[in-house]
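Asks: Quick one: the structure is below, and I'll ask about it shortly.
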Amino acid sequence: MIVNCIDIANNILDKFKSDLEKLKKKKIIPHMAIVKINDDAASDKYVSIKLKKAAELGVKTTLISEGIKTQDDLIKQIHILNNDDSIDGYIIQLPLPKGFDSNVICEHIDVNKDIDGLSSFAISRNLANSNLFHPKPCTANGIIEILKQSNYSIEGKHAVIINRSMIVGKPLIGLFLENNATVTVCHTKTQNLKEMTKTADIVVVAIGKPDFLTKDMVNPNAFVIDAGISVVDGKVVGDAAKDLQEYVKYITPVPNGVGRLTVAMIFKNLMDLVKEKYNERI
C-alpha cells in the first residue's frame, strides 16, 4: 500500500493553523528566519518551498542570503539571530559551501530557536530521550509521524536505517528507541546488508541511489520509508525500486512522501518554539 503522506502532512499543518489562530488573538505572529548561503539549484528550491508554505500559513519570514562569506561571518549571523527577540526560530539551509563545518555551525545554534532540531543541545537531548524542551529533527520526526498516523505500532519492531547522517539516520536512532523499537543502522561499510533488511519490520532508506532497495532485500510485510531523492530523466525518484509498491505492505512515495512531512514538521517545530517562548499552552 502506498502511504498517503500528503494527508498526514496536512493533518500536521491543520493543527498548526488552529494554533496560529489562537496566537493571533493574542497578537502573536510567528517569525521565522532562513539563512541560505549555498548558491545551488537544490537549496534554492528547498528554500522556495519553505517560503511559499510560510506565506500560505501566514508566518512572517526573513531570508538572509547576503554578506556571509566565511564561517566566522555565519557564526556572527547566528549569534545575531540568537539575540534577536523578534525572531522565534531559524533555519540554516544545508548543505553549506566548502570551507564551512556544519558540526561547528550547529554548536552555535540556540536550542530555543532551532527549527531543524540540529543544534548540539537538541541532538543530545533527543538521544537521551530528555524531558527538557528540544525540537526534534524534522525529517526524522516526520518519518515517525508517518508510522504513527498509519496506525502502525512501532513498539517491539525491528527498524533498519540505511543512512547515518545528522538529518536522518542519527536522530532516528533516538526516536525509534523512544518508541521502543530495536534499531540497526547500516551504511556504506555495512557487510551483508541484505541480511539486515530482509528481517526488518521497518526499512528506512535515504542514500540518493535510484532503485537501490529491491524486492530481494525486504520481506513483504515490511513498512518501507523511502527518504531518498534523485533526478532521473527529469523526474524525481526515490531509493526504492518501483515494483516494491506492489510487494510490501506499506511504502512511502517519491515525490509527495517524506519531503512533505519534512516541511510540515518545520512549522510544527516553529509552533513548539513559539509556545515555549511565550509559555503558551494551546
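Any Cβ shown, glycine's included, is placed from N, Cα and C.
Swiss-Prot lists these features:
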- Asn163, Arg164, Ser165, Thr188, Ile229: NADP(+) binding site (BINDING)
Asks: Hey, what's the widest CA-to-CA gap across Asn163, Arg164, Ser165, Thr188, Ile229, the NADP(+) contacts in the record, in Å?
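Replies: The widest Cα-Cα gap among those binding residues is 17 Å.
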Asks: Can you count the other CB atoms that lie within 10 A of the CB of Ser165 (NADP(+) binding site)?
Replies: 17
Asks: Give the helix, strand or coil assignment DSSP yields for Ser165 (NADP(+) binding site).
Replies: coil
Asks: If you count the C-beta atoms lying within 10 Å of each candidate's C-beta, which of the binding-site residues Asn163, Thr188 ends up with the smallest number?
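Replies: Per-residue Cβ counts within 10 Å for the binding-site residues Asn163, Thr188 bottom out at Thr188.
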Asks: Counting every protein chain present, what is the number of Cβ atoms, excluding its own, within 10 Å of the Cβ of Ile229 (NADP(+) binding site)?
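Replies: Excluding its own Cβ, Ile229 (NADP(+) binding site) sees 18 Cβ atoms within 10 Å.
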Asks: Return the residues near Arg164 (NADP(+) binding site), defined as same-chain residues 6+ apart in sequence whose C-beta is under 8 angstroms from its C-beta, sorted by sequence, else 'none'.
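Replies: Once residues fewer than 6 apart are set aside, Arg164 (NADP(+) binding site) is near Lys170, Val185, His187.
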